[in-house]
Structures are given as structure tokens and as C-alpha cells.
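TrEMBL annotations:
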type: DOMAIN; residues: 6-225; note: domain 'Tr-type G'
type: BINDING; residues: 15-22, 79-83, 133-136; note: GTP binding site
Amino acid sequence: MLSSKLRQPIVVVLGHVDHGKTTLLDKIRGTALVKKEPGEMTQEVGASFVPSSVIEKLAEPLKNIIPIKLDIPGLLFIDTPGHELFSNLRRRGGSVADIAILVVDIVEGFQKQTIESVEILKERKVPFLVAANKIDRIPGWKVYDNEPFLFSFKKQSISVQKKLDELLYNNLVLQLASLNFNADRFDRVTDFTRNIAIIPVSGKTGEGIPELLAMLAGLTQRFMQGKLKFVEGPAKGVILEVKEDPGLGHTIDVIIYDGILKKNDIIILGGVNGTIVTKVRSLLLPSPLQDMRIAKTGYRSVDEVSAAAGVKISAPNLEEALAGSPIYSVDSDDKIPEFKKIIEDEISKVRFSRGVTGIVVKADSLGVLESIVYGLEKRNIPIRVADIGPISKKDVVEAELSAKDAEEYGLIAAFRVKPLPNLDTSKIKIIYDDIIYQLIDDVEKYIEDVRERRKRRTYDTLILPAKIKIMPGYVFRRSDPVIAGVEVLGGIIKPKFPLITEEGKRIGEVLQIQDNKKTIDKATKGMEVAMSIKGNIMIGRQINEGDILYSDVPKEDLEILVNNYRDTITDDMKEVIQELIKIKRAEDPLYGLTIKI
Ligand code: GDP
């Protein structure tokens, strides 16, 4: 049932490491705690609730500048800042987060993870505003603890005011413009649907916090009415984390973004090995510290929670619950299959196995897996398998299959997962990292390194194109090894080169080449030499006098030859290359596809 009631918007904090995300969140929580009336709960699981009464009180001095009367009940801040948790706040085609604060150190400006944050927010379609943090570090800044920014700003010297605006424009507005966002200091923005508001703050001194909260509340309730309408039906949510709690067993921390969740409700959620249907045993919220009776587990049990809320769910069969998975409650058993299907469809989009040559990605949660896959695909790194859980025999086999086609893809990218015991991973590379973008960077670097190493292979180690003819009447030995006179028709032939027939069949490799009884290390077009050939063949069976043979040039060697040693390719070798491509394409349609000769 739709009511006119609005729910609290869900707010996340993102930004570069050390730019002050944690400090800012702590300050917001601390400020709320000081300003709240007794009995107004602020603590939830994985999130903190700041009631509207607090925001209105804080913004009271600003009422002539930012008039706000709040219809939303408050703001729900996700407690853990950063990419990893944000990834798990996934929802079909977007995020459970309604709005984000992008924290940027005003002195340092945009850094790598700031840009990545903007990208991930764009990808998940989450609007954001910018907290230009650490304004107290601007040389000459005089601190006015917890004051609105506009008040503190007015009391600064002209040179400090100028410096702030200079940093704001050079380090933030211009950077955002280069990412195609129009932005301005919040008090100079006239159209908030077109411009991103930048609010100068200090997480340390609390300056600017009133405006930050007022803008968050004001913008969300003005522009997100539809999304924030409170629905009195069954709950919809997302699993933030799966935990094992002392005295509780396996529990899930969940953000409910729609509806009401009650004790004993049937819930459906994604698991590592398929969807899980279970029943809520208890709904848990942090207990106030003073309550000694229930402080044992640290939680108190409630009968229901309504959106938006962060809550811990205790229920049977949660061992395999999947972080980042949707969770739904249903009011009748008939609806179970429908919701099971919704969850399965959504999860199968993120977990996949394709028959392509590419890397294997394993992660411990759905949201992170999705973000890694997105990041890799943006860098054109092909993915063969994307899945949840520890690295298994199957993953290793898949990586080995990729490696056969291209060594650089014989790789497993592992986010917070390990190989199962006694697994032989010696033939492939595994890259571990607990930071999404670090993992992506490392994977890209590894792939480039392998390619670079290959490129640096010297001319002497390449198998070169060659075409030879077994001269009729010059067979000295029919097998083991074959010894015969051959004429080089084109290219260069050397010992150890593998040989194929005109049909592309491998027959063995060159053992030795002699010219006038002297052993030589190569023979070129026009030469007639004696050659011994090792292999399970016999002249008169697999090959005959007068047959034409080619050297079996691997795809990579051909690419390196053409790309790096083009000037060594003679006209006769060029012809051999063209014939080789024809022969090899029958087996491998990609052979020689990328080269131009
Ligand atoms: P996070 O990695 O983004 O969560 O950053 P933190 O909140 O851990 O902050 C990193 C460092 O910057 C810490 O030493 C903080 O004390 C400091 N810091 C954070 N906010 C401010 C601020 O507004 N002013 C000043 N001067 N220091 C800050």
C-alpha cells in the first residue's frame, strides 16, 4: 500500500583513502548524538540514523539561507565508507543508496580513488554531492567549531576566503568538469538538477556539517519523492554482510529499503549454492550500552523494522548466504517461486561462465564480483568465468584452458577468497587483493607484463616461416630419424623447428641440417641441404618423396616477427607466411588475423 509517508534516504560516503571519510561520518554521528532528544534511536546495524529533528535544529541558524522543513523522517548513513561495501548495496540496475557524499580533501584535490568513486557512482546511477573536506587545513584558517560553513567563512580574512575558492575551483570544479559534471559551491548553485553542490566542511572541527546535512535532506526530499515513498508491503532489501556472531550463529546484516520486515516472516535470499528460503528467527538492533540485561550479545530483539533500516537477521540456514544478494520477504507461500526466480535471474547475471579465452574472477560477495567484472571489462580484459566462493579445481582448469590460447589469461583474480586445500595451482597465476581497484590494476599489469616479456623475445628464439621440399631420389633413411635431401623453397629453416604437411598435420621436428657434410644452424631459400627429421613418421607412409613441408610457426611467434622484426622478412618468406596462414586458419580462424604484411 502506498502512503504519503516518506522513508529516510540511504546515504553512502565514498572518496580517496585518507581524505577523511571515517572522520566525517564520526563527526556526523557525534553531532547527531549530542543534538538528539532522549529516546530517539540513532544506532542501527551497519548504519546510523540521524533524525530530521536533529537536522532541523542544526540548520536552524541557516533558515534564511537554506529554508528547510523536512517531510522525510531523517537520513540513514551507511557506517562503512568506501567502494567495497558500497558495491554490495546493489539493486537491479542501480544501488540501494539514494545519495552519496563524495569526500575530497580540498587541499589535495581529486585523486585516483576519487575518480573511481565518481565512476562507480555513475555506473550505479547514484546522485552525489561533494564534501570539500579539511578546510581547517587552509593556511590561516580560523576554526569556529561546529559552525555552519557560511558563518565561519564570513569571519575568515579576505585572503583565506580567496584561497578557499581558489582551491575549490582548481581542485574540484575543474576536475569535475573534466569528468563531465558541472559543479559549484552549494550557495552559488541555482539549479540543483544540473549542478553538483560542493559543500566545504571539516570533519575535524565540524564546520559545514549543518549545511551538509541540510543539503542532503533538502535535495533528497525535493528530487526523490517517488523513490522515497514508503510502501507498507513485504520487505525488500540487500545483504550487506554475512557474519558469524558469538551466541547467534550465522546472521546477515541487511539494509531494508522498502516495506516492513517482521519476526517469523518467510524470507528469500541468494546463497552460494542457490537461493535460500528461511524464516526470520529474530530481528536484531544494537542495544543501548546502558542496558545491561541484554548487553551479552550486544543486541536487542525487535518485532519489526520498516524501511529504511539496517538490521541483523538471525534465521536458520544462513551459512551460505551471499553478501550483495537481494533479500525479499513474502506474505504467502505462493509467492516463493516468483521471488526465487527474480533472485536467480539477477544472480546469474553477475555469476557467469562463458567459453571465451579470458581470466577467471572469484570473489566473496556478489556486489564486489560485479564491480570487479565491470572494472575489468572497461579495460577490455576478457573474462571467462566470474563466480563466488573459494578457488576450486574447476577454476584452475578453466584458467589453464585460457592459458593454452594466450598465456596472459591463465590467471585467477581472487578477492578475499583462497584456493581449496591440496589444489595444484602451479600452472596458472593467482592474484590476490582486498581492494577492488588494486586487484584490477594488478591484473592489468600482469597481462601487460606477460605480453611485454613475449614481445621482448629475441629474434633467435622465434620459430620462423619456412617451406621445404623433400627431394625425390635423395632419401637416405626412411624413419627414426628420417634423413633426406631437401630444397628450401622459401623462408628460413633451423634445427628444432617443428614441421607440418601442406594439410597442416604435425609430423615432427628438424634435428640437424648439413651442407656439404658440415653441420649448419640454418638454411635459406635456394639451398639444397641434408636434413634429419625426428618424429613418429616414415617416408612412404605419412610423407612421401617430393612432399612439401612447412615450419609450424606459432601464432605468437608470427606476430612478434611481423611486429618487431618486419625488416628481416624477405619476399620469399612473405609468400610462405601467406601460405601458412591459409593452412593454419583451417584449425584456428584467428591465426595471423592481427598482422599486416
Ligand atoms: P578515510 O581514509 O577517508 O576514512 O580518512 P580518515 O577519516 O581516516 O582521515 C585521514 C586522516 O585525515 C586522519 O589523520 C584524520 O584525522 C585527518 N582528517 C580527517 N578529516 C580532517 C579534517 O577535516 N581536517 C583535518 N585537519 N584533518 C582531517
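Yeah, the Cβs are placed from backbone N, Cα and C, and that goes for glycine too.
Bear in mind that the values here come from a model prediction, so they are computed numbers and not experimental data.
Taking the features listed in TrEMBL, we show where each one sits on the structure.
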{"residue": "GLY15", "record": "GTP binding site", "Cβ within 10 Å": "28"}
{"residue": "ASP18", "record": "GTP binding site", "Cβ within 10 Å": "12"}
{"residue": "LYS21", "record": "GTP binding site", "Cβ within 10 Å": "24"}
{"residue": "THR80", "record": "GTP binding site", "Cβ within 10 Å": "17"}
{"residue": "HIS83", "record": "GTP binding site", "Cβ within 10 Å": "19"}
{"residue": "ILE135", "record": "GTP binding site", "Cβ within 10 Å": "30"}
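The binding-site residues near ligand 1, defined by a Cβ under 6 Å from one of its atoms, are ASP18, LYS21, chosen from ASP18, LYS21, THR80, HIS83, ILE135.
For the domain 'Tr-type G' (6-225), the model gives a mean pLDDT of 93. In the three-state DSSP scheme, GLY15 (GTP binding site) is classed as strand. Secondary structure from DSSP puts LYS21 (GTP binding site) in a helix. A helical conformation is recorded for HIS83 (GTP binding site) in the three-state DSSP classification.
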